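See structure below.
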Amino acid sequence: VLVATTIIIQNIGAMSSYLLIIKTELPGAVAGFLSGDESGSWYLDGRVLLLITSVCIVFPLALLPKIGFLGYTSSLSFFFMVYFALVIMIKKWSIPCPLPLSSAIETLQVSNSTGDCKAKLFHLSKESAYAIPTMAFSFLCHTSVLPIYCELRSPSKSRMQNVAVTGIGLSFLIYFMSALFGYLTFYDKVDSELLQGYSRYLPHDIVIVTVKVAILFAVLLTVPLIHFPARKAVLMVFFSHLPVSWMCHILVTLTLNTIVVLFAMYVPDIKNVFGVVGSTTSTCLLFVYPGLFYLKLNREDFLSPQKLGACALVIFGICVGLLSLVLIIFNWIDQ
């Protein structure tokens with residue numbers, strides 16, 4: 001029950017953060033295809049566009065009874081992410097360093113010296129508190145493991161291992177290249193949402209507009225995949241005593257989608273969602289629970305290397321989660 005509850009909170013946070021990207025980026029993508037200044041129009045309102053895409057795309061895909069079909073949409077979103085990474089690598093040479101100043105206020109605030117263009121291997125600040133939770137959040141696919149395992153053509157431990165290694169390996173490669181070239185473009189001026197920087201310095205670049213559209217599709221197609229284990233967890237915790245029915249399936253899907261859309265509409269910054277959810281539920285699902293399960297299920301001597309490793313994993317997860325959460329709260333108070 002504890003794990004299922006954590007999965008519900010984690011996946012609601014994940015879906016909210018993805019829909020937050022839709023809310024902030026979709027108006028800019030739509031504006032990129034329009035010639036005149038049409039600010040104030042309903043089709044450039046992030047909340048209206050978020051509601052339309054949630055009703056027309058996310059909800060119908062989330063209603064699917066089996067996760068296997070979402071493999072097709074996942075493949076499509078993966079290729080969109082590859083395109084995103086490639087464009088970030090290429091555009092590194094389109095934005096000069098030092099960065100061009102866009103306003104008189106920036107001239108006073110920003111030291112526009114060539115010293116800003118030197119990469120630092122480590123840079124510790126208050127914002128570093130968000131780093132590990134965000135990485136934990138990014139690699140958390142544990143909640144989808146059981147549904148995927150159940151729908152493999154011939155499920156086995158080795159086949160599931162191959163799926164996990166391939167999925168995490170490809171994700172790491174895309175994240176690493178995007179992060180590296182994003183940092184080498186903006187250095188310490190990187191936004192918490194990478195594409196916003198490109199929108200500021202290359203506002204009418206057609207390639208950046210197409211990347212935005214690709215990312216928006218990737219995000220939209222990922223939300224139903226995260227929704228699947230969240231709905232499974234809700235059904236297990238609250239409705240396990242009821243017989244399986246389409247009515248229950250639809251109502252839970254609708255309720256989860258409504259909560260997620262409301263969160264996405266009223267949370268101001270994606271960094272806050274990543275930070276809080278990453279430091280609490282993500283660290284639990286990544287480090288604490290796997291270690292606890294291993295300690296409970298394995299019959300080895302407690303001083304065996306495997307059990308000591310599991311203990312270390314649990315302690316590491318608790319320490320990292322608490323430290324990050326405390327630093328994030330202090331950061332909020334400071335602001």
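Sequential numbering from 1, following the chain as shown.
Just so it is clear, glycine is given a Cβ too, placed from its N, Cα and C backbone atoms.
Summarising the annotation, TrEMBL assigns domain 'Amino acid transporter transmembrane' to 2-330.
Feature annotation from TrEMBL assigns transmembrane segment to 42-62 (among others).
If one looks beyond the transmembrane segment (69-90) by at least 6 residues along the same chain, the residues whose Cβ comes under 8 Å of a Cβ in the stretch are 61, 170, 174, 177-178, 181-182, 185, 194, 207-208, 211, 214-215, 217-219, 221-222, 224-225, 228. According to TrEMBL, the feature transmembrane segment maps to 69-90 (among others).
If you look up TrEMBL, you'll see 130-150 (among others) marked as transmembrane segment.
Counting residues 6+ beyond its ends, the transmembrane segment (162-186) has Cβ neighbours under 8 Å at 78, 81-82, 84-85, 88-89, 91-92, 95, 97, 99, 119, 138-139, 141, 145, 148, 152, 194, 197 in the same chain. Annotation source TrEMBL lists transmembrane segment at 162-186 (among others).
Per TrEMBL, transmembrane segment is recorded for 206-226 (among others).
Remote same-chain partners of the transmembrane segment (246-267), defined as residues 6 or more beyond its termini with a Cβ less than 8 Å from a stretch Cβ, comprise 12-13, 15-17, 19-20, 22-23, 47, 50-51, 54, 58-59, 62-63, 65, 223, 227, 230-231, 234-235, 239, 273. According to TrEMBL, the transmembrane segment annotation covers 246-267 (among others).
Using a Cβ-Cβ cut-off under 8 Å and counting only residues 6 or more beyond its ends in the same chain, the transmembrane segment (273-295) has close neighbours at 3, 6-7, 9-10, 13-14, 16-17, 20, 129-130, 132-137, 139-140, 142-143, 263, 267, 306-307, 310-314, 316-318, 320-322, 324-325, 328. Annotation comment: TrEMBL describes 273-295 (among others) as transmembrane segment.
For 307-333 (among others), the entry in TrEMBL reads transmembrane segment.
In this chain, the transmembrane segment (42-62) lies out of contact with the transmembrane segment (307-333); the count of Cβ pairs under 8 Å, excluding pairs fewer than 6 apart in sequence, is fewer than 3. Away from its own ends, the transmembrane segment (206-226) comes close to residues 11, 14-15, 18-19, 21-22, 25-26, 28-29, 32-33, 53, 57-58, 61-62, 64, 67, 70, 73-74, 76-78, 80-81, 83-84, 87, 91, 143-144, 195, 198-199, 260 of its chain (Cβ-Cβ under 8 Å, at least six residues beyond either end).
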